[in-house]
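Trainee: TrEMBL lists 1-23 with the feature region 'Disordered'. Under the heading compositional bias 'Basic and acidic residues', TrEMBL lists 12-23. The domain 'Calponin-homology (CH)' annotation in TrEMBL covers 44-162. Here TrEMBL flags 376-699 as domain 'Kinesin motor'. Marked as ATP binding site by TrEMBL: Gly457, Gln458, Thr459, Gly460, Ser461, Gly462, Lys463, Thr464.
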Amino acid sequence: ASRSLRGGAPGPERRAEGRRRMAEARRVSFRDGRFASRKTEEAAWRRHQAAAWLESMVGPFGLTHCPSEQEFVAALRNGIVLCKAINKIQPGVVPKVVANAPCDSQPSTAFQYFENIRNFLVAVQALKLPSFEASDLEKDNLDAGSVGKIVDCVNSLKSYQERKKCSGTYGPVKYMKSPLAPRSAIHVQSENVTLGSSTPQKCLDLTEIDAEGQSSQNVGPNMEEAIGKLQRIILDCMISCKENLNQDVLKKDPVTLVGTILSNQLEKEQFKPLLQLISPEGAATKNEPNQHIECSNSQNENRLRLLEAQESELLELKTMFQEVKVDFRSLQTQFQDDITELGHNIQGISKAALGYNQAVKENRNLYNMLQEVRGNIRVFCRIRPLMNSKSISSIEHVGNDGSIMVCDPYKPQTTRKIFQFNQIFGPTTTQDEIYRETQSLIRSVMDGYNVCILAYGQTGSGKTHTMCGPSGGLSSNDLGINYMALNDLFTISTSREDVKYDIRVQMVEIYNEQVRDLLSEDTSSTKLDIRSSSNGLFNLPDAKMCPVQSPSDVMTLMLLGEKHRASGPTAMNNRSSRSHSILTVHVNGKDISGNVSCSCLHLVDLAGSERVDRSEATGDRLKEAQHINKSLSCLGDVITALAQKNSHIPYRNSKLTQLLQSSLGGNAKTLMLAHISPEGESYVETLSTLKFAQRASTVELGTAHANKESNDIRELKEQV
């Protein structure tokens, strides 16, 4: 079938070989089945003969007409029936038989019954007849071999008794242990139905005796011994032959039986020497040629009818085989058609899927282009790994298209919520992978664009880790965006030989609504004011601005700023940032033509929003949490107003929104990194963070412009 499915077809030689093998296997199976059935019938018929003979010798002893192996052995187990039967044949051969005990006395023991079996086996061996083991009668699990020995022994006694009655002499015993038994009446009846009602059974005809043939055999007294030998040979032939015997004739008149067989078998080679002794001229054979021919014709007719029946069965099998072959070819054709149709359907689905993927890709590119034209705030979402492996995650699905699905694991009946962002970073995302997505914005700073990257989320969600990396300073390989961004800035400034850059760094924090300089030695006494510069950008002119020449200078300044930054432990985070940190990098460039560019990079690490009942904040921590939540609430109001395009934007409600005014509502490229904790206990904070980030993604800032001035424009401004 597989060769047909591949398009090939077996040759005529292979098909002929396949048919020959199938026919041979069917003939072997048929022959084995017939042989097993015949053996079962033979064993049952031999048990029937033995049981009938024992019943005729000792009388009824509770055995059925056709006993099973278990019933036959159980009836002979005490040895009483066997001893009585052999005493009938040879009186006194078993002198003492242990009979069944009376009801009012103790029952006979197994040893007493074993004495019967032992005496019987001794008597059988004395008669030189086939015997068996005493243990064959005591087995719980009977096998065909042990039961066959018992049946053979009983049938040998039967043959011995018949020979004794026939000739009155005791010659050597020739007993076949497994003669072929007659077929059952049901089997014969089924064959008669197949062959027709007129089909004769394959059985020796012992009912009609040719008296004239018998009387014509006149033998003298000198030939008595030869006749006895002839009869014994014929008797052995009769027992071992495959023909069925008429048991009634065998019981009534064995001599007549032998004579009849003799009259039918005179032509055989094994009888010619004895015929020469009886009648040298072979007159008996010549007197009955017609009877012998008729018997041969009858046997030939029976064989022909059997052959015809077998041919009929073979024709039926051949017809069935042809029908199965036709059905198989039909199923094979249908299967090939189904496979072809399925292939066409799969090709159509594949083309549709390819077209769909291309359309999705084009839509995504168009959407990104539209965002760049409109100037929307780009929003990334990062999922922190689970801190406890036994915790249940509230994140159900993270899509490759920037979608995320969340649900409260402790309230499965709540509605699942889906949010869409520019990029989703899973728990296994590395710092390098996140920076590669933001690297294009970092490079825009060197082209004169203002860029703002801020990390937002609840406390303990990993904002400081993303921006500054793990605590450990310069020896750590898992650096944050701040370090990698400044390192990239110096790499670009070194590669651009036609432009000379001046890079300066400021680092401040907003703690309890106060702006403090983190690069100053005394941060507690330094309070900075936010002022507006001539170019319309809010800045901190009083904050310390440190020039840097290499990434190592930046690292040193950042370590100093982190050391001065306000932080403290809470119930939710051992190292919780208690202030908003803002790292500002000012980049001024001048090319060989005199054109100048001025840009700044704001790297903002916001303090985490928190619920007081979960953080267990008290005293100073409670005051810090109130100021943090207030400033974040003001930031949310500004985002909402920008998204709704209100005429008034409440920047001045908080120091944080004042510092971010140039990034949120001015000429800048802004990226928000929303951080969420996946634990089910933080589902409320996660949902609040995702809603805030989704509102921020809808804010239209307008197209960003580079802050560049040509040499002529700068000279005109100086003249004015």
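The backbone N, Cα and C atoms fix where each Cβ goes, glycine too.
What TrEMBL says about a protein is an automatic prediction, not a curated fact.
So that I understand the layout, could you describe where these features sit and how close they are to other parts?
Mentor: Counting residues 6+ beyond its ends, the compositional bias 'Basic and acidic residues' (12-23) has Cβ neighbours under 8 Å at 321 in the same chain.
When pLDDT is averaged over the domain 'Calponin-homology (CH)' (44-162), the result is 81.
Of all Cβ atoms in the protein chains displayed, 26 besides its own lie within 10 Å of the Cβ of Gly460 (ATP binding site).
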Trainee: List the residues of the same chain that sit at least 6 positions away from Gly462 (ATP binding site) in sequence and have their Cβ under 8 Å from its Cβ, in sequence order, or write 'none'.
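Mentor: The list for Gly462 (ATP binding site) reads Arg382, Arg384, His675, given in order along the sequence.
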Trainee: Around the Cβ of Thr459 (ATP binding site), how many other Cβ atoms lie within 10 Å? Please give the count over every shown protein chain.
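Mentor: I count 25 other Cβ atoms within 10 Å of it.
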Trainee: Quick one: give me the count of other CB atoms within 10 A of the CB of Gln458 (ATP binding site).
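Mentor: For Gln458 (ATP binding site), the count of other Cβ atoms within 10 Å is 25.
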Trainee: Other than its own, how many Cβ atoms are within 10 Å of the Cβ belonging to Ser461 (ATP binding site)?
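Mentor: Other Cβ atoms within 10 Å of Ser461 (ATP binding site): 27.
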